[in-house]
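Step one of this worksheet: look at the structure below.
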C-alpha cells in the first residue's frame, strides 16, 4: 500500500483491492439477507436542518450547492433547507422510516451499504469519504428487547464470515450506567458518560478530576463511577461485580438484566466473542440501552470497526416513535487495514478465467462462439483482439493475469492451456470447466504483519 | 408509483422496488464479469478544474464545501481546486486510468456502478441523483477497433439478460459523419453535428436553416447532410445508400468500414437488435468513432437508456494517451420506468423465507438453533421475537410477506406450514428446503402498460 490517494481522505482501490472490498460487501449482504434484512439506499444529501438536529457534528458536514457559471453559491449552515452530504446512514434511515412508515412491514429489518462523507482531518483509517454497512431493526411504537440479543449474534456471525481474524464485541448498556449513576446520586448522567468516554484517552486519574470538577461528583462518587467502568467480563459475572459496589436503582436493575441476556446468549452461542465492558459509552447520544463496539485483535488502535446500539426515539413523528437497534460496520476502515497488512488478498485482478486466442484475423467470429459457449456455463472469458503470434497472445493473458488460453483450431481440435503449469489438453467448449478455484478470483488469507 | 420523492429529483425506493434495482445491478455485474470486466469505484468528488475541462456542463454541477459552524463557505466555480460531485463516471474513470496506469493491466476492462449528481431541473426519468452502470475498455497508447464491435455485443447481451422487453441499439460513427461533411466541403464538422443533433427536436426544415445560417452550408450541402442523417438500416446496406449520395472522403471510407463491421457482426450474432442510424450524434464531444445509443421499444420518449462510444483522447498525460470505448447504462432512469409500468416486480419485499415461531418464551434458543441449521443451507430465516399465540405469530409472518412458518415443537416433532396454501408438513431442520422459487424474492415480469 505505497500508493497514496490523489485527494487526501478519499481512498480509491485498484481492481485487486476492490475485489477484497467487494468480497466483504458480498459476504455481509449474504449474511444480512440470511437473517431477513432487506436492502435500501437513501439519497446522499439531506437538508442541513435534518442532519444537524442531533447536534455536535456540524463542522464535519459537507454542504452541497449548484455551481453557478462563473460565480459562487454560498453554502450556509444556518439555512435548514440547504443540502449537505450525509455523514452516517442512521439519520437518513430514521427519516426514511418516518416518511415511508405506511409502506413498510414492521418490525422493519434493513441493511444499507453506502458511502458517507465527513469533513474531518484525514488520518490512518479515518477518511473523508468511506463506506458503511448498517443493519437496523425498527419497530412501530415498540420493539422487543430480544432483538438486541439477535443483533449481537448477527454481528458475530457477519464478522466471523468475513474471515478477518480474531475480534471481540464489547457490549454495555446505557440503562446500567445511567441507573448506576442515578443510584449514586449523580443526576447529570450524560455528563458522567461524556467523562467516562475519555477514559482510554486521558486515564482514570484525569477522568476522576473531570467528574469532580465538571459533573460535581464527590470523590467517592467519582471512584465508584470509575470502579463500574473497570468491570470487564466474558460472561455474566459482571452482574455480581456491579452488585458488590453496593449501588441500587430500578434502572440499573433493568440494565443489568438486559446486558446479562445479551452477554449470556452470545457467550453461549458464540463462545469467546463477547465481553461485557462497562467502560463503553459510545459518543452519539441517541442510544438508550444496549451499546456495542468491536475491536479486531491486534488492531485495537484502529478503533471500533463495528458499533451500534439501541435507540428509543431516533425516528419519531408526532406521538409516533420507531424504536430500533442497529449497528454500523466501517467497511473502508476495515478494508484499508486488511489491504495494508495483506490480511486478505485477491489471487488475480481480473474476473477472466480464459482468453480465447485468434488463429487468424478471420477467426474472431469462431472465437466469439467459443466464448459464448463458455460464458453460458458461467466461465468468464475474453477474446484476443488480434491474431498476433500465439506467444504474444499468451503474453497478453499472462500480463492480465488470465490463467487459461484457448486455441480454437489445432491438429487435435480445440485445446486449452494452463499458462502457469504449461499443461495443454484437448477441450470441448460445451463441456470443459476450469478447476473451481480458477473460475473466479479467490480472496485468500495473506501475510498478517500488523 | 404514487409515492413522490420527498426531495424532488432524489428518488428513493421501497424495499420491493430496491429488489428490482438490485436485480438489474446483479445481472449487469454478472454479465460484465463474464466478459472479463473488473470492478472499480472512484470517489464522489473531483476538483472543479478536472470536471469542467470538457466544458458546457458547469451549470449542472454540484459544488461541495465544508460547513463552518454558523457561517457559510462559498463554493466557487472559478477555483479549480474546489470540489464538486461528479456528473458522470467517464471523467473520473479517465483520471483514475491516468493516475494508476502503472498498476493496471492493459487493455484495461472495467465496470463501475455508482451514483452521479446533476443539478438539472428534475423531470420524468431525469434525476438529480442517479445510478449509472458503465463499462469501458481502455488501451495504453492504442486500442484495436475490434473492441468497438465487442462492446456492442456485450451491450446487447446485458440488455437481453435484464429481461426488460424489446430494445434497439442505434449505432453510428463520427468518422462517417465527419468524413461525409468534409467530403461535402463543410469544415465545421462539430457545428454540423450540433445542428443534426437537433433533428428529432426541431425537425428537418429548421435544421436545414440552421446549417445554412450557423454553419454556412449551401442549400445543397444542407440537403445532403440531412439525407445522410435520414439513413437507417438493420444491416450493412447503409454503405450503398451513403455511396449513392456521391460524396467521397478518406475519413468517410474509414467510418463506413468501421460501422459496417459493428453492424454486420451484431446483426449476425444478435439478429434484430442493431440499427445503423446515421442521425445519431451524441452530445458530448469527446467521441471520435463509433457512437451507440439504445431505445426500449414503446418507451422511446424516455430517451436512450444506454449510450456510449469510442474516444481517442479522453484520458491522456503528456504524450501518453489512453484511447477507449465504453458505454453507460442509466440504471435509475430504467428502474423508474420499469417500476412505473410494473414491467418488473418483486414477489415479496423481504429476503426471509421462513419465520421460526416460539412455542414459549424459553424456546428462543431452540428456535435460534433451527434458524442456524436452515441458514447454513442458504435459507433466509427470522425468529419470532416473542411467544405470542401461534395465530399472532403467523399473522406476523403474513404481514412481512414471509411464506413459511416453522413450529419447533409439536406432537409430531418439527413442522413447517406454507401460510399461502395452509399446508403443514413434518420437517427436519437439517434437510428441509423450500421450493426453489420461494428461497429468495423473485423478480417477475408484471403488467406492461406503457
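Any Cβ shown, glycine's included, is placed from N, Cα and C.
Database features, via TrEMBL:
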| type | residues | note |
| --- | --- | --- |
| BINDING | A:88, A:89, A:90, A:118, A:132, A:136, A:282, A:286, A:287 | L-histidine binding site |
| DOMAIN | A:20-351 | domain 'Aminoacyl-transfer RNA synthetases class-II family profile' |
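Annotated features taken from TrEMBL, shown on the structure.
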residue : record                   : DSSP (3 states)
A:88    : L-histidine binding site : coil
A:132   : L-histidine binding site : strand
A:282   : L-histidine binding site : coil
A:287   : L-histidine binding site : coil
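Here the binding-site residues are A:90, A:132, and the one with the most other Cβ atoms within 10 Å of its Cβ is A:90.
Listed in sequence order, the residues of the same chain lying 6 or more apart from residue A:282 (L-histidine binding site) and placing their CB within less than 8 Å of its CB are A:197, A:291, A:293, A:307, A:309. Largest Cα-to-Cα span within the L-histidine-binding set A:88, A:89, A:90, A:118, A:132, A:136, A:282, A:286, A:287: 22 Å. Listed in sequence order, A:116, A:132, A:328 are the same-chain residues at least 6 apart in sequence whose CB falls under 8 Å from the CB of residue A:88 (L-histidine binding site). Cβ neighbours of residue A:287 (L-histidine binding site) (same chain, under 8 Å, six or more residues apart in sequence): A:174, A:309, A:310, A:311. Averaged across the domain 'Aminoacyl-transfer RNA synthetases class-II family profile' (A:20-351), the predicted model reaches a pLDDT of 91.
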